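Per Swiss-Prot, these features apply:
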type	residues	note
DOMAIN	1-54	domain 'ClpX-type ZB'
BINDING	Cys13, Cys16, Cys35, Cys38	Zn(2+) binding site
BINDING	Pro122, Thr123, Gly124, Ser125, Gly126, Lys127, Thr128, Leu129	ATP binding site
Amino acid sequence: MSEKTGGEKLLYCSFCGKSQHEVKKLIAGPSVFICDECIELCNDIIREEIQGVEAAKLAKSDLPVPHEIRQILDQYVIGQEQAKKILSVAVYNHYKRLRTLAKSADPDEIELAKSNILLIGPTGSGKTLLAQTLARLLDVPFVMADATTLTEAGYVGEDVENIIQKLLQKCNYDAEKAQQGIVYIDEIDKISRKSDNPSITRDVSGEGVQQALLKLIEGTVASVPPQGGRKHPNQEFVQVDTTNILFICGGAFDGLEKIIRARSEKGGIGFSASVRSQDNRKDFGAVLRGVEPEDLVKYGLIPEFVGRLPVVATLEELDEAALIQILTEPRNALIKQYQKMFHMEGGIDLEFREQALKAIARKALVRKTGARGLRSILEAALLDTMFDLPSLENVAKVVIDHTSVNGDIKPILIYSDKPKVAKSC
């Protein structure tokens with residue numbers, strides 16, 4: 001809309017009717033004009049509608065139910081059935097709670113508290129893999145932290161808020177996305193208090209770190225320097241609310257079973273005395289399943305920290321059969337990975353005989369490294385073969401026996417008369 005006054009063409013907003021002198025900016029279109037105030041109003045209307053649609057989508061989005069979560073975990077993690085069930089329920093409830101918060105505007109509605117998770121199990125039992133698989137399944141930001149590198153703020157070492165900084169980096173400093181992520185803190189047992197009694201001296205890497213983690217795990221607004229770096233008084237910070245971040249803590253807790261036994265098994269003399277089991281390895285998992293908060297406090301975690309981790313899942317020590325399953329059954333099993341790698345070397349087949357798989361599993365048991373040690377055993381067994389194969393012609397198949405795993409003889413090479421298949425790029 002326009003009109004001439006004193007030789008000057010006066011322009012008006014086509015929506016609100018204000019003149020160009022009454023507004024800051026007037027934008028022209030084909031025979032129409034819109035002012036900055038109307039643009040801002042339109043943006044507000046669109047923003048509200050988009051937020052409403054996104055909240056509805058979030059509420060209706062396909063959050064897998066515990067049974068479905070368990071089935072997906074089964075594809076990657078062998079055994080640990082009870083731990084998978086506990087994790088499936090805990091993670092489902094956590095993200096169901098977030099979806100309820102997204103669509104709820106009633107201030108009087110019952111507030112659902114967050115339940116963080118503690119995983120207890122020996123090295124190589126699958127604690128880290130469970131957390132990684134859950135994050136991948138739910139498509140949320142995931143970050144791992146090592147508790148042994150953490151210290152209190154002001155001391156040499158890694159500040160606990162650095163964990164949130166890593167989470168922000170994973171999602172390109174999108175605070176909203178980071179606030180729905182998963183943080184896995186490994187080796188949490190290594191920050192246990194050195195004795196039952198509070199120390200007179202400062203314990204900056206033990207009880208001090210537990211105190212520093214308390215608020216972060218429970219829920220606080222962490223101030224993180226943008227794009228990393230150290231904090232400076234005059235710089236702007238990215239504010240991240242940790243209330244809805246799911247924290248999963250894991251640790252081996254060596255010696256915890258002794259504390260549980262001491263509490264649960266009664267000593268005595270005569271006919272009424274309880275007989276203590278001498279086969280500690282056999283019922284190791286059963287003992288750990290009986291863990292109580294008081295046992296964790298006795299181990300060295302402060303009561304407030306134990307209280308922030310209400311969901312406790314214990315993982316079994318892996319036996320020979322479980323290790324063989326780990327080698328062969330999961331979607332990304334190690335044997336499948338090496339078979340694919342050999343097939344890339346001109347279509348060569350790689351076969352592991354049953355005795356070879358047993359030998360690999362036994363080696364891992366001797367090393368007490370669980371599933372984590374399987375790859376290094378395979379690398380050692382296949383090193384010479386992987387070194388020689390690219391220089392050999394017409395190899396069709398490589399067979400691995402228990403003697404190859406033990407280092408007695410080299411793997412068996414089966415040759416073909418046909419020329420080698422060209423390598424794929």
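Heads up, the Cβ atoms here are built off N, Cα and C, so glycines get one too.
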Listed in sequence order, residues not in Cys13, Cys16, Cys35, Cys38 with Cβ within 8 Å of the centre of the Zn(2+) site Cβ atoms: Ser14, Phe15, Gly17, Lys18, Val23, Leu26, Phe33, Ile34, Asp36, Glu37, Ile39
By Cα-Cα distance, the member of binding-site residues Cys13, Cys16, Cys35, Cys38 nearest Gly126 (ATP binding site): Cys38
Cys38 (Zn(2+) binding site) and Gly124 (ATP binding site), Cα-Cα, nearest whole angstrom: 61
Neighbour count (Cβ, 10 Å) for Lys127 (ATP binding site): 26
Three-state secondary structure, Thr123 (ATP binding site) (per DSSP): coil
Distance, Cys38 (Zn(2+) binding site) to Thr123 (ATP binding site) (CA atoms, angstrom): 62
Among Pro122, Ser125, Leu129, which are recorded as binding-site residues, the nearest neighbour of Cys16 (Zn(2+) binding site) by Cα: Leu129
Structural state of Cys35 (Zn(2+) binding site), classified by DSSP into three states: strand
Alpha-carbon distance [Leu129 (ATP binding site); Cys35 (Zn(2+) binding site)] in Å: 55
